[in-house]
Each structure stands twice: as structure tokens, then as C-alpha cells.
Amino acid sequence: MLMPKKTKYRKQQKGRNRGKAYNGNSLAFGTIGIKALEHGRIDSRQIEAARVAMTRKVKRTGKIWIRVFPDKPLTKKPLETRMGKGKGSVEKWVMNIKPGRIIYEMAGVEESLAREALDLARYKLPFKTKIVTQESENEIY
């Protein structure tokens, strides 16, 4: 699973996920990719599940880039625990996603196969996404 090797603080505040993505909103490495259309958060298991689905579809040909990294700890208190007694322990690592953010990129695969693989990955993600190419990238989301 993806997670930081070391952090300055073990736990973080929740924060707010507002606005649109100004960084990481265009294809940088591949020729086709997945772009988020709405706010959400993605955890390391979802990132890995989508990556495995894509890799199996393209039979390990081409190259896949993961453009997101879960660096925010999500905490949870144990079940049937009374309130108080401090913040819960870290349960998983997530990343807040804003509309316009590129999640995955792919190159070295023919476009029809790449679209099928990216569609499989889109089903694994918890927010609306669309497939973008270098030509269609300039469209408004």
C-alpha cells in the first residue's frame, strides 16, 4: 500500500476539500489518462485496485503513471468506544482529490485497449471521472 515513509506529525486535522485542481491537471507523461470531475478522496487501496485492474487488462505492456499519492492520515476510534479519550489511531492514508486532477496516465498501448483498461480503473474510484487524451484535454470539464 502507498503511504509516506515518515511524517512530521502522526495525525492531521480533517480540513476542507474546496476549489478545483490547479496543479496536476494536465497530462505530463502519457498520452491518455483519467481526470477527476468532482471532489472526493482516494485511499491507497483504491489506488492499488485500479492500478491492478489496468495492468491486467493491458497484460503488462506499455507504461502506467500514478499521479496521486495518499499523504493524509485518516483516523478512526475503535467500535463501541465512548467519546473522548483523544483522537483515534490512523486507519488509512488518503488524498483529497479536486475536480480536474489527473489520477492515472498511460502510454505505449493502442488507444482502444487503453480506453478499456482506464474504464476498468474508473469503476474502482469513488468519484466521477472521465478519460482524457492530449487532444481532448483542452475541453472544459
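One-based numbering along the chain as shown.
Just so you know, glycine gets a Cβ as well, placed from its N, Cα and C.
The shown structure was predicted, so the numbers you read here are calculated from the model rather than taken from an experiment.
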| task | From the ranges 1-22, 67-88, pick the one that Swiss-Prot records as region 'Disordered'. | result | 1-22
| field | Chain residues outside the region 'Disordered' (1-22) and at least six past its termini with a C-beta under 8 angstroms from it | value | 36, 39-41, 44-45, 47-48, 66, 69-73, 75, 87, 90, 93, 96-101
